[in-house]
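Peer 1: Okay, handing you the structure first.
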Amino acid sequence: MNLLILTFIICGLLTQVTKGSFEPQKCWKNNIGYCRRRCLDTERYILLCRNKLSCCISIIISYEYTRRPPFRVIHLEDITFDYSDMGSFTGSPVSKLSDLVTFDIRRETMTPKTNTPETTMPPSETTTSKTTMPSSKTTTSKTTMPPPSQMALTHN
């Protein structure tokens, strides 16, 4: 019984080895060429394979290989742009700072007697530490959220 199983295994491996050795070796992209000593009249030399063999690719178009589909034609009428976010554009250069942000202007001074910081507000200026957003004519809701780039500047 063991001898029978061993012969089946050897026969199976032998068929795999003979397929690889008697068939011409494939080469080039997606294995469309064959490695030969001399290319046929309907083939063209591309590069060298192992053991001084040439990689030969057929000149005649073969339909057994899948070809790349042609590029789609893009018409200019089909291209559209979304201008919905252009209303929030301020026209400022790339400074990343918006005019909608107010900064807290407090002056800190050191008292010479106690060496503690003392914060004073100028009497004519009244500012808040929160970000103020002007009311927009295009929004219908009462509460307006600042843009995502300004979310870090808001203090809730």
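Every residue, even glycine, has its Cβ placed from backbone N, Cα and C.
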Peer 1: Between CYS55, CYS56, which residue forms the disulfide that Swiss-Prot gives for CYS39?
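Peer 2: Here Swiss-Prot pairs CYS39 with CYS56 via a disulfide bond.
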Peer 1: CYS49 forms a disulfide with which residue in Swiss-Prot, given the options CYS11, CYS35?
Peer 2: CYS35
Peer 1: Looking at the disulfide bonds in Swiss-Prot, identify which of CYS11, CYS55 pairs up with CYS27.
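Peer 2: Its disulfide partner, as Swiss-Prot records it, is CYS55.
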Peer 1: Looking at the disulfide-bonded residues listed here (CYS27, CYS49, CYS55), whose Cα lies nearest to that of CYS39 (disulfide bond)?
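Peer 2: The answer is CYS55.
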Peer 1: Quick check: of the disulfide-bonded residues listed here (CYS27, CYS35, CYS49), which one has the Cα closest to that of CYS56 (disulfide bond)?
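Peer 2: Sorting the disulfide-bonded residues by distance from CYS56 (disulfide bond), the top entry is CYS35.
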Peer 1: Is it possible to get the count of other C-beta atoms within 10 angstroms of the C-beta of CYS55 (disulfide bond)?
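Peer 2: Taking all protein chains shown, CYS55 (disulfide bond) has 21 Cβ neighbours within 10 Å.
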